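Database features (TrEMBL):
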type     : residues : note
TRANSMEM : 38-55    : transmembrane segment
DOMAIN   : 83-127   : domain 'Homeobox'
DNA_BIND : 85-128   : DNA-binding region
DOMAIN   : 130-315  : domain 'TLC'
TRANSMEM : 180-198  : transmembrane segment
TRANSMEM : 205-224  : transmembrane segment
TRANSMEM : 262-282  : transmembrane segment
TRANSMEM : 302-323  : transmembrane segment
REGION   : 349-395  : region 'Disordered'
COMPBIAS : 372-384  : compositional bias 'Low complexity'
Amino acid sequence: MAGILAWFWNERFWLPHNVTWADLQSTEEAAFPQAEDLYLAFPLAFCIFMIRLLFERFIAKPCALGLKVQASGPQKAQPNAILEKVFTAITKHPDEKRLEGLSKQLDWDVRSIQRWFRQRRNQEKPSTLRKFCESMWRFTFYLYIFTYGVRFLKKTPWLWNTRQCWSGYPYQPLMPDLHYYYMVELSFYWSLMFSQFIDVKRKDFGIMFTHHVIGVTLITFSYVTNLTRVGTLIFCLHDVADVVLEAAKMANYCKCQKLSDLLFLTFAVVFIVSRLGIYPLWILNTTLFELYEALGNFPAFWVFNVLLMGLQILHCLWSYLIIKTAYKAIVKGKAGKWNPLHVAKDARSDVESSSDEEETVPRSKAPHSTVTTNGTSGANGTNGYLTGATSSEEH
């Protein structure tokens, strides 16, 4: 194992020329980042997860109930062993041929079977109360860590001059505030890596998982190689949009439509400006060009920048989804009330017609097409969060 670690942490790969791991050893005069410090992130991630559970139970839930957030989940489908077996073992979306077969087997009309499958799919979806509690936790954390980051960075020279990120490298002592900032962010990312498997499921699960993997990798390697100054800039830049998004979602769950719309538009502007404007012009510029000028070329230089450009690709994808959602919201706004957090519905979404709509539709032996709540279709989601409150992937 020692040989594998020595091979993996080859200083000629991770460090610039004329820099060795010995240069990054802590002394009595100055402390530097050590790889062993990263083990602290695992118990901290567990603590953050436990704090989240307590926060959602004793703070977020009472707030939600006080704001009249809907606590009950979707209507449950009536028990039926045959349909339940088809749902769990074969398909959750039976085609026309299977619907006709089940209709004859059960002596039900097709519309009733469609309704059962719709209710059964919706039955697995989280309640609005649960989604509000999750958003309130994220809003609280992002607001706290963003505020902390701003207070820390405004005292640093590299906020105003990114060349200071590389000035004096590798002899950049690890300040206690910077160490705390890094450990909390890394621990939170680790907690997200595991909690997303039990959180509200989203259609962009794969994208978000990739985002978390890239994030943890960048935080880990930048800490070990003492490239932490630029890391703090990336933290702060990414957290600002998430604060506004979670606030917009909470307003939406509380049915504060105008506030939700305003916050969504604010989020869209902040996200696009920060991720498509400031990030490439400020962050990528210093990691691609100023870092090269200051420290020269070394293999890890390309590893970091490939990962950072991978983040930029995700930013472009999410920005496209935001713009698409906003465009649909504006177009629908011409015909009446619109909701930018819900306007983008997947035509194959599990959330379909409401119970009121179902009662007004006459029963028939002929199969009917699935109807969405607002009769629209499209793709939704951005940054792992921006989706309809009734959508299957909703945050």
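Every residue gets a Cβ built from N, Cα and C, even glycine.
Residue counts of the domain 'Homeobox' (83-127) by helix, strand and coil are 32 helix, 0 strand, 13 coil (DSSP-based). Listed as Cβ neighbours of the transmembrane segment (38-55) (distance under 8 Å, sequence separation of 6 or more from its ends, same chain) are residues 136-137, 140, 183-184, 186-188, 190-191, 194-195, 220, 223-224.
For the domain 'TLC' (130-315), the mean pLDDT of the prediction comes to 94.
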